């Protein structure tokens with residue numbers, strides 16, 4: 001929110017230094033994001049009065065103006081019709097050589113043969129509103145020749161502050177002034193207001209009907225006639241401009257001014273355009289349409305809350321007024337409204353219709369139906385009746401539909417409890433004094449009544465924070481923390497997650513953190529469990545409408561973003577929760593998801609670069625499972641989840657229990673461009689299931705005394721033969737080969753040695769499909785790692801084992817050695 005500190009001072013009973021005021025912002029929790037000192041930058045700008053105006057061409061595109069910048073001193077300025085001015089106006093003038101706050105340097109120039117010696121400055125050129133074509137106009141001749149800061153409220157700082165979402169009361173000048181006054185030991189000075197008296201000549205009456213009081217808790221309105229639509233006085237225009245709002249006309253400017261002052265949005269309808277002297281607050285009907293002030297059209301698709309007359313909708317409740325009921329220069333009677341709408345309802349409508357306004361911004365965070373709303377309505381009614389502004393007269397009494405009054409929340413505090421929370425001794429009197437500054441009342445037993453504009457106060461801890469703010473945090477002495485500690489330990493699940501992350505990081509993977517919300521299409525993609533999509537009721541965007549059932553979809557988006565930036569190797573993983581709908585509730589599961597693609601990081605320096613394929617992806621998952629001490633996992637062909645290719649997909653099972661999946665990702669099915677340009681493989685494992693089936697921790701058995709033996713075999717097998725069957729046959733064949741092994745004599749011993757070689761690992765290191773191996777066949781190169789723990793095997797013994805294995809594979813599967 002942008003605040004002019006000069007305007008803020010209007011609501012403080014005493015003056016203070018600028019530094020004290022800015023320091024108070026931080027003390028009360030309003031973070032200053034930007035600060036602009038306009039007084040110095042605007043000093044060269046003078047007020048000049050236009051004395052003559054002559055057209056320079058027949059088309060009337062340019063005018064020559066004689067501008068008096070000092071008593072008796074005239075200069076010539078050429079201006080265009082895009083910036084209309086009138087004789088007698090006082091306007092901001094920058095003479096040649098002046099540097100504007102925007103950084104532009106004014107110099108003399110010729111237009112249509114006439115030398116221009118300066119420029120009439122628009123608001124945007126003065127740095128007040130970016131690219132604004134608004135122009136400040138002065139009527140008082142006494143301002144002639146004065147610098148702009150001397151006659152304008154811009155002589156103070158413009159401060160951009162960040163207002164917390166739970167403090168909607170600080171979205172108005174009065175709310176901020178209340179906080180600042182409290183911390184500076186001042187009193188809040190409310191704007192002068194008078195109670196609205198009944199209309200002297202009541203010519204109109206309005207009936208207000210609220211269809212659902214949960215969506216609109218209060219609606220107040222009043223009719224005014226004798227309204228004169230004209231330009232607002234300079235003091236209102238300038239205050240709107242400091243907040244970034246463009247002045248429109250006096251009626252609209254009054255409603256905007258009061259919104260900025262009180263934080264309560266208001267609206268004014270052209271009363272003569274309404275039908276039936278009736279206001280209804282209801283949902284729009286599916287057959288109805290509403291044209292808004294920005295000329296956009298709203299229909300009944302999303303059924304937002306609207307304000308309607310007896311026949312049709314006239315405004316989008318809490319967001320924007322309607323085109324047909326707007327105030328114009330011809331308006332003579334208006335209906336002024338103030339209302340309190342449900343924040344969720346307004347936020348939902350704003351998101352779905354993609355319309356965000358200053359009004360919806362405030363209603364989404366919550367407004368007060370009591371003090372803020374009543375004060376804002378009375379203030380606007382008073383300004384409308386001011387002869388300087390509009391001179392309107394009440395034509396009806398106030399219609400106030402308030403079905404259920406919102407009551408103040410009460411908390412009974414204990415000074416001992418607050419002292420413990422704050423870490424300092426706080427007396428009852430200090431608590432009462434601090435909270436009284438924030439207009440909270442109290443009883444003798446420290447029962448605190450919280451004003452309804454403080455929607456953030458929901459427990460005593462918030463009140464403790466208020467006390468600390470009023471005392472100032474820096475006045476509370478620091479104390480060392482004294483607490484009872486317990487011996488903690490890492491849970492098995494956390495230990496498992498840490499081990500998974502460490503293994504994947506060591507294998508070149510990068511850990512990601514992605515939002516649990518995703519698109520409708522990706523929500524069900526890659527999911528191992530079939531179920532309905534879990535849709536968010538009020539999504540923050542169309543890209544985040546559903547809770548994900550798989551982590552792979554989120555990681556695919558990470559790959560896509562990296563591929564757009566030129567990446568070609570991808571190794572990403574994430575450990576987080578997924579969501580699926582059960583009959584009664586939502587099941588949240590911790591999963592490990594990964595995506596990989598690109599070039600293999602082969603350990604052999606002479607190896608050529610090869611792309612990651614299914615078998616290499618499978619090998620990585622197998623190594624991960626081994627690292628987690630998870631045994632007896634099978635990779636079985638199954639119906640692939642949406643997003644995977646059927647010919648390269650496997651379900652990971654432990655017995656009959658499915659614990660994960662591995663497959664090649666099909667971006668075409670997802671409707672995504674293949675920017676990666678390499679095969680992508682995704683895997684996902686259920687961490688909870690892995691934690692249940694993992695084996696006990698392995699004990700260190702010491703380093704092996706003998707060297708491992710590596711032997712490769714290349715075989716041609718039918719292409720439809722599953723690798724899992726080949727691997728199982730190979731392991732069985734090796735075990736049989738050990739039993740039939742002819743042991744060669746050893747020199748170091750006279751007795752016959754006993755050998756029990758064990759197969760440590762089986763790795764498929766290469767696959768090939770082509771004409772050289774024939775149709776319907778594929779070539780596999782398998783590496784076997786084995787050793788005996790006592791004696792080193794001879795080359796002859798190793799060859800015996802390999803020959804027996806090849807023979808058995810040929811016998812069982814028709815495998816032919818290449």
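Here the Cβ of each residue, glycine as well, is placed from N, Cα and C on the backbone.
Record check: TrEMBL places 465, 466 at the Mg(2+) site, and the matching candidate among 456, 474 is 456. Residue counts for the domain 'TRNA-binding' (39-149) under DSSP, helix first, then strand, then coil, are 11 helix, 46 strand, 54 coil.
In the structure shown, across all protein chains, 466 is the one of the binding-site residues 456, 465, 466 with the greatest number of other Cβ atoms within 10 Å.
Surrounding the centroid of the Cβ atoms of 456, 465, 466, where the record places Mg(2+), the chain contributes additional residues within 8 Å, namely 454, 457, 462, 463, 464, 469. Secondary structure from DSSP puts residue 465 (Mg(2+) binding site) in a helix. Secondary structure from DSSP puts residue 456 (Mg(2+) binding site) in coil. Here the domain 'B5' (406-478) has, by DSSP, the following mix of helix, strand and coil residues: 33 helix, 10 strand, 30 coil.
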